[in-house]
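Enquirer: Below, the features straight out of TrEMBL:
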SIGNAL    1-28  signal peptide
DOMAIN    25-133  domain 'Cadherin'
DOMAIN    134-242  domain 'Cadherin'
DOMAIN    243-346  domain 'Cadherin'
DOMAIN    347-450  domain 'Cadherin'
DOMAIN    451-560  domain 'Cadherin'
DOMAIN    575-675  domain 'Cadherin'
TRANSMEM  687-710  transmembrane segment
Amino acid sequence: MQTALAKPPQKRQVIFLAMLLFLWEADSEAIRYSIPEEIESGYSVANLAKYLGLRVGELATRGARIHHKGSKQLLQLDVKTGNLLLQEKLDREVLCGATEPCVLHFQLLLENPVQLFQVDVQLIDVNDHSPEFLDREMILRIPESVQPGSVFALKSAQDLDMGRNSVQNYTISPNSYFRVATHNRGDGRKYPELVLGKALDREEEPELSLTLTALDGGEPPRSVTVTVRIEVIDINDNAPEFLQSLYEAQVPENSPMNSLVLVVSARDIDAGSYGCVSYSLLEGDEVSQPFVIHEKTGEIHLQRALDFEATQHYIIEIEATDGGGLVGKCTVAIEVVDVNDNAPELTMSTLSSSIPENSPETVVAIFSVSDPDSGDNGRMVCSIENDLPFFLKPTFKNFYTLVTERPLDRESRAEYNMTITVTDLGSPRLNTEYSITVVISDVNDNSPDFTQTSYMLLVRENNSPALHIGSVSATDRDSGTNAQITYSLLPTQDPHLPLASLVSINADNGQLFALRALDFEALQAFEFHVGATDQGSPALSSQALVRVVVLDDNDNSPFVLYPMQNASAPCTELVPRAAEQGYLVTKVVAVDGDSGQNAWLSYQLLKATEPGLFGVWAHNGEVRTTRLLSERDAARHRLVVLVKDNGEPPLSASVTLHVLLVDGFSQPYLPLPEVAPERAQGDSLTVYLVIALASVSSLFLFSVLVFVAVRLCGRRRAAPLGVCSVPEGHFPGHLVDVSGTGTLSQSYQYEVCLAGDSGSGEFKFLKPIFPNLLLQNTGN
């Protein structure tokens, strides 16, 4: 318990020293020194020995030491020299902070005897600290409606230095709106205030960034800066403004629906809802207006098809409204760009569907062309086919005339089908075609043209009256009445040809008719001209030669020239009994008034007193013996020879020959054989009939021959009547001698000639020339 209660001697000494210091401090006067802060350690503050008047070394003997409150020893006493030294560099701001003045209190303790001295060391502040702002940036939000002169507090800068080394002044970066004012606080510190010198305009400067500078009073002065960002709070004092007062755009007329046309933009320099802009069309409604605008973005879209030909320009007023109800306007001019979406149009003003042929340059049509498109899309070219005798002539503006290039010939081409093509110059090119038909009307410029220059008509004789024997045909290249042809018989130059009684012609179709029966033996051929006349004005005509050839009909029986059948006494042929086989007894000579095969005669022995003794050659009518004669043969023989032509049906004639077999020809006269009494009457009747028939036939044949000779000689102006005239180039007439041979008692000559203009080469027996009948005796 006693140990616990007893205090150690050291502790008692400390308490005692503390009581001494207290008492000393109360009665003694302190020793004062001042030094600047931030002096390096070891710096000698003062020599305490000298100040106290002590000798060198006395401090050590007296046990001098420095006592300081706190655990950290700031000063050190050199007892040998008596100097008070800095233990370390002293920082006023650390030791004293904001206390001013900054005094370090410590005591000098001397022992033997005990003596205390108060020593005060004042740290003099040096400008070793720059001012500092606590924030990197100061933000002020000031409405733009604040009036000039308004003051706004700013945060002060902090400076650890004191006195003059602390913050003494504030400055602000140059600007048009604010200045800074520096004021003193009650504790001597300075603080800044921001003063508005000019009205704010958020739309002009929505935000200001200023630099505030704090300056201390040191030499040289230290400073610090801080950014003061001033946000101007908006009021709705600005209407929306478009970037352009006039917007222009071009839109192709074939743009699809909902395609973007243009974007307009309005800016409201106000903030918040006052700066939010909505767009609308000022005029028109969505039904009639082909455009629509997006309320928020200002995009103008196409909502209805455009047509350049209907409307080429649109003027639209656009309205922009902000959140405060202020409005801005702009104008949008939209030009509709033409595309080649319209084909050219052709309007026919005058069209002549028919033009006369042989006319010089003639206007066929007048027309105009148009294209509602513009530029090259509306420029047009007109054309027609190259191979046509027409051309297009531009007249006035877009009018054209279709004109003939030369006189046209309807007979070459009566109709022209052409297409007028109108093509624009757009891309792609569009065209319109207009088809017209031009008919070339006829002019009577062509004469009728017979299909043949000459016609040959074959007519069989003995025709029925009004028989159609043939036709002539003519064509006329004209048309209508100009091509209507009338046929007629032209007057003949032969006055002996009764043309009007021979033939007639159908005026409408050219059919020829025989007015009466023709007789080949009287008229074998005749010629005439027919005319064809059109109905044009003036009428044109042409003519053709018609040759009518009469064809022979087998209408004449053979006529026996020898032996003559009309003689008063029959002719008797004498044949010597010594005649050889094939002896020519006589020759039957016959002719046929027909021609051709109708005149081809054949002979045959029809009856004979003694068959097998005599024979007749079929082609020449020669009667010859077929065998040797004998004494037993009868002296008198009667032969009936049949002469037949080659017609269809064949016609024939017969002749009776009397043959007398004699021993020789010395008798001057041989009596005729007696005819049986029972046959005399019949033979006489036959003779009369034959004579009558022969007379009529001879007369008819003579008349025919005379008529033919007259006609031929008259036409050819050749020989006189009765002489056979042969055209040039044919065989001339000549005499054919039919002389008796053997026992022929007479000689005959026939005048024959080639049938005129027949070209058949057939000989016609015209008439016999009878010589004096001489009885020739072959034995003399």
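Backbone N, Cα and C atoms are what each Cβ position is placed from, and that goes for glycine too.
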Enquirer: I'd like the per-state residue tally for the domain 'Cadherin' (347-450) from DSSP, helix first, then strand, then coil.
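Expert: Each residue of the domain 'Cadherin' (347-450) counted once, the result is 4 helix, 54 strand, 46 coil.
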Enquirer: Could you give me three numbers for the domain 'Cadherin' (134-242), the DSSP helix, strand and coil residue counts?
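Expert: Counts, helix then strand then coil: 3 helix, 54 strand, 52 coil.
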Enquirer: Would you call the domain 'Cadherin' (451-560) and the domain 'Cadherin' (575-675) in contact, using three or more Cβ pairs under 8 Å, pairs 6 or more apart in sequence?
Expert: yes
Enquirer: Just to be sure I understand, if DSSP states are collapsed into helix, strand and coil, how many residues of the domain 'Cadherin' (451-560) fall in each?
Expert: 8 helix, 49 strand, 53 coil
Enquirer: Using DSSP, tally how many residues of the domain 'Cadherin' (243-346) sit in helix, strand and coil.
Expert: 4 helix, 46 strand, 54 coil
